[in-house]
Structures are given as structure tokens and as C-alpha cells.
Amino acid sequence: MSSMAGTGRIASMDQFRGYTVAGMFVVNFLGGIAAVHSVLKHNDTYFSYADSIMPSFLFACGFSYRLSLLRRIEQMGSAAAYRRVAWRSLGLILVSLVVFGVGGGFDSWSEMTPRGVLRFLAELLKADLWEVLAIIGVCQVLIMPVVARSAGVRFGTMVGLSAAHLGLSYLFNYDFVQGQPNWMDEVWGTTGRRAWDGGFFGLLHWSVPMLAGTLAFDVMTAAGRSRGGGAARLVAWGALAMVLAYGLSCLSTLYGPEDRRTDERGNPVDIATSPVVPPLGRLSGREPAELLATPPLVEPEVIARNYWMMDKRVVTAPFIWFATGFAMALYGLFVVACDLIGLSVGLFRLLGMNPLAAYVIHHAVEQTVRSVVPRDAPLWWALTGLLLFFAITVLFVRFLDRQKIYLRL
């Protein structure tokens with residue numbers, strides 16, 4: 001295992017984490033520009049490059065989570081270590097609320113009725129709270145009981161969480177996130193409100209790449225294993241996860257135009273009537289090539305949206321397992337490049353050492369620069385704005401680095 005000179009930090013993980021932060025900068029800034037290709041934008045119908053960034057960042061968080069938790073348990077005992085995790089997780093949620101706000105609000109005092117306040121809180125929990133920092137904070141608490149357990153327990157938890165998400169999506173959650181009629185919205189009082197990044201129940205699936213990061217930590221620290229051997233395992237396991245996830249996504253090819261639901265006025269809606277249970281009877285009589293889904297990074301023709309598409313809005317099983325495999329395999333390549341060959345990118349090192357500060361700073365800088373880069377800007381102007389945004393953000397982060405000021409996750 002390679003470390004940053006004298007600091008005990010893992011070089012490949014600092015570089016990988018820095019890469020994810022830099023990637024986040026790019027896709028967040030360019031995502032709203034019409035001239036930019038959709039592969040650099042977040043989508044809810046296929047796996048784009050932009051959609052790979054957040055799961056990869058969660059994977060990096062999981063790697064560091066197991067490292068720090070095991071160290072704290074050894075230093076201060078389990079109870080104190082878990083309390084520290086809980087408080088730090090709460091801190092991340094509060095930072096997220098301060099930086100990104102609480103979504104909706106009240107225009108007048110007269111709106112602050114008990115019903116209005118309950119609606120506000122329900123929408124906060126359903127949709128508005130779930131920016132990446134809050135997701136990290138809650139997922140850390142959700143998986144806290146198993147982070148220090150065996151690899152088998154953690155992998156079993158990953159599978160169990162995914163199965164739970166599938167079951168809840170069948171019962172209500174797919175329509176709950178999409179803002180379609182469902183019984184849970186009636187209970188919560190949020191009828192018609194869409195969510196993003198999985199909403200409240202998406203946390204089950206966002207925990208999967210974080211737990212995968214804890215498994216990657218085990219691979220990298222196994223006694224007697226070479227760095228090359230660890231990298232090979234990461235790439236192989238990541239590739240296997242991607243292949244299996246793509247196989248699941250092929251179930252989406254069973255849907256046709258006749259499966260679309262209609263709205264109250266009888267107009268077709270591009271969501272399947274049965275989005276979670278596919279019409280398996282159509283498997284017979286089809287050529288194998290007809291059952292192959294559009295590959296990742298290629299925008300598909302959307303016939304009827306369903307759970308088996310690689311959908312970041314709902315955080316479907318094919319999406320999260322493909323994204324997790326992508327992160328693991330990519331990190332394996334970073335191990336080769338950084339820990340074996342010794343390559344290092346200064347920008348990645350800077351951002352990887354102080355990701356929380358970089359993330360908070362980038363949000364403020366992005367809002368300022370985007371004020372002069374409208375959505376319909378030509379590509380050359382958008383790229384100019386991106387370079388300016390990057391330069392200002394890196395300037396601030398570099399200042400903190402020189403002052404030895406680091407905000408820890």
C-alpha cells in the first residue's frame with residue numbers, strides 16, 4: 001500500500017477521491033448547459049458519465065469510513081467511536097441544509113399552519129433534503145452496525161438493502177419518487193411531488209457503494225497480498241458487478257408501447273403500468289440480440305420507463321450495482337497507476353485531501369460564475385466559464401491547503 005509521504009494516507013484513494021470531486025465540478029457546472037452532450041448530464045434513463053460520479057464518491061467515503069472507524073474503535077472503544085460517527089453524520093446533514101437550503105418555504109406567516117408545516121417537513125424528507133452530503137451522513141448511520149463486521153456480513157447487507165429497495169419499489173416507491181399516484185404519498189401528504197436521487201428510500205441503495213468501499217479497503221489491506229493482486233481483484237469484482245447489472249437492465253427490453261400507462265385525461269405517460277414486475281412471458285420467441293439493452297453511456301430510446309433501466313432518479317438496482325462495479329474497477333486502475341507506477345495528479349491530490357471544503361466552496365463559486373453562463377450559452381462560452389469556475393475554486397482550496405486547514409468527512 002502506498003501512502004502520501006510520511007502522512008499515512010493511501011495515495012491511490014486520495015487521487016481517486018480527488019478525481020471524483022473534480023468530476024463533480026465538471027458535471028455540476030456543465031449539466032445545465034443545452035449545448036453539452038447528455039453523457040455529461042445526469043439522466044434517469046441510462047448510465048451517463050455524470051451519473052458515475054456520485055456513486056464513486058460514496059465508494060471513496062466507504063473506504064475511508066471503515067479505515068477511520070476501525071482506528072477509532074481501537075483507540076477509544078466501540079461506544080465512543082460510534083457516538084463520534086453519529087455526531088459527525090449529523091454535522092454533515094446540517095452542513096448540507098445550510099449550503100443547499102431546505103427546498104420550499106413559506107411566503108407568509110398565514111401559510112405556517114399545522115398542515116402547512118407538516119407538508120413542508122414531509123417534502124423535506126421525501127425530496128428536498130437529499131443532497132450528497134446529507135445522503136452520506138444518513139448512510140453512515142444506516143450502515144454503522146455492520147461497517148466493522150466481516151466482509152460476508154457487509155456483502156450480505158448490500159444484497160439485503162438492494163432487495164428491500166426492490167420490494168419497496170414494488171409496493172409504492174417507484175411511483176412515490178416519480179410523483180405518480182401511490183398510497184404512500186397519500187399517507188405523507190406529498191401527492192404529485194417528485195423526488196430525485198432516490199428520495200428518502202433511495203438511501204437503501206446509496207448505502208451499497210459505500211459498503212463496497214469498505215470491502216475495497218479490506219482488499220487493499222489484506223495481509224500478504226500484493227498491491228497488484230489487490231488491484232486485480234478490484235477490477236475483476238467491479239467488472240463482474242457491471243456485467244450482472246447490465247444483465248438486469250436487459251429486462252427493460254421486455255416493455256413495449258402497449259405497456260405505457262395513461263393519465264387522468266387518457267393521455268399516454270412514458271411510465272410502464274407495471275414498472276417493477278416485467279412481462280417475463282415475452283422472453284419466449286425473441287432472438288438473443290433483441291433482449292440486449294442499450295449499453296451504458298449510450299442514450300436509449302425510451303418506450304416505457306421502468307425499474308430495470310439504469311435510473312439515477314429512482315436509484316434502481318441495475319443503476320446502483322453497475323455504478324458500484326464501475327467505481328470499484330476504476331479504483332483498481334487508480335491503484336495500478338498511483339500505488340504501483342507512482343503517478344500523481346496535483347489537482348486530484350489537492351481536492352482529495354480536502355473534499356468537504358472543496359465541495360462547499362465549489363457550490364458558492366458555481367452559482368456566481370453560472371450567473372454569466374446562461375443555459376443556452378454556446379459551448380465555447382460554457383467551457384470558458386468552467387475554466388474560470390475551476391480556477392477560482394482551486395485557488396480557495398489551495399489557500400486552505402497551504403494554511404493546513406482541512407475539513408474532514
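Using N, Cα and C of the backbone, Cβ positions are placed for all residues, glycine too.
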Self-check item: transmembrane segment according to TrEMBL, located in which of 163-182, 203-222
Solution: 203-222
Quiz item: Sequence-remote contacts (6 or more beyond its ends) of the transmembrane segment (85-109), Cβ cut-off under 8 Å?
Solution: 69, 116, 120, 123-124, 127-129, 131-134, 136-138, 140-141, 144, 356, 360, 363, 409
Quiz item: Residues of the same chain, at least six outside the transmembrane segment (129-148), with any C-beta under 8 angstroms of its C-beta?
Solution: 54, 57-58, 61, 65-66, 69-70, 73, 78, 82, 85-86, 88-93, 95-97, 99-100, 102-103, 154, 157, 195-200, 202-204, 206-207, 210-211, 214, 356, 359, 409
Quiz item: If you count Cβ pairs under 8 Å, which stretch among 21-40, 46-65, 234-255, 319-340 touches the transmembrane segment (203-222) the most?
Solution: 46-65
Quiz item: the transmembrane segment (21-40): which same-chain residues, six or more beyond its ends, come within Cβ distance under 8 Å?
Solution: 48-50, 52-54, 56-57, 297, 299, 347-348, 351-352, 355, 358-359, 362, 366, 369-370, 373, 375-379, 382, 385-386, 389-390, 393
Exercise. Residue list, the transmembrane segment (46-65) vs rest of chain: Cβ under 8 Å, 6 or more residues beyond ends.
Key: 13, 16-17, 19-21, 23-24, 27, 31, 38-40, 132, 135-136, 139-140, 147, 197, 206, 209-214, 216-217, 294, 296-300, 309-310, 312, 319-320, 322-324, 326-328, 330-331, 355, 409
Quiz item: Given the model, what does the mean pLDDT over the domain 'Heparan-alpha-glucosaminide N-acetyltransferase catalytic' (9-226) come out as?
Solution: 94
Quiz item: So which residues does the transmembrane segment (319-340) touch in its own chain, when a touch means Cβ under 8 Å and the partner is 6 or more beyond its ends?
Solution: 1-2, 10-13, 15-16, 19, 47, 51-52, 55-56, 58-60, 63, 162, 205-206, 208-209, 212-213, 216, 220, 227-228, 230-235, 237-246, 248-249, 296, 309-312
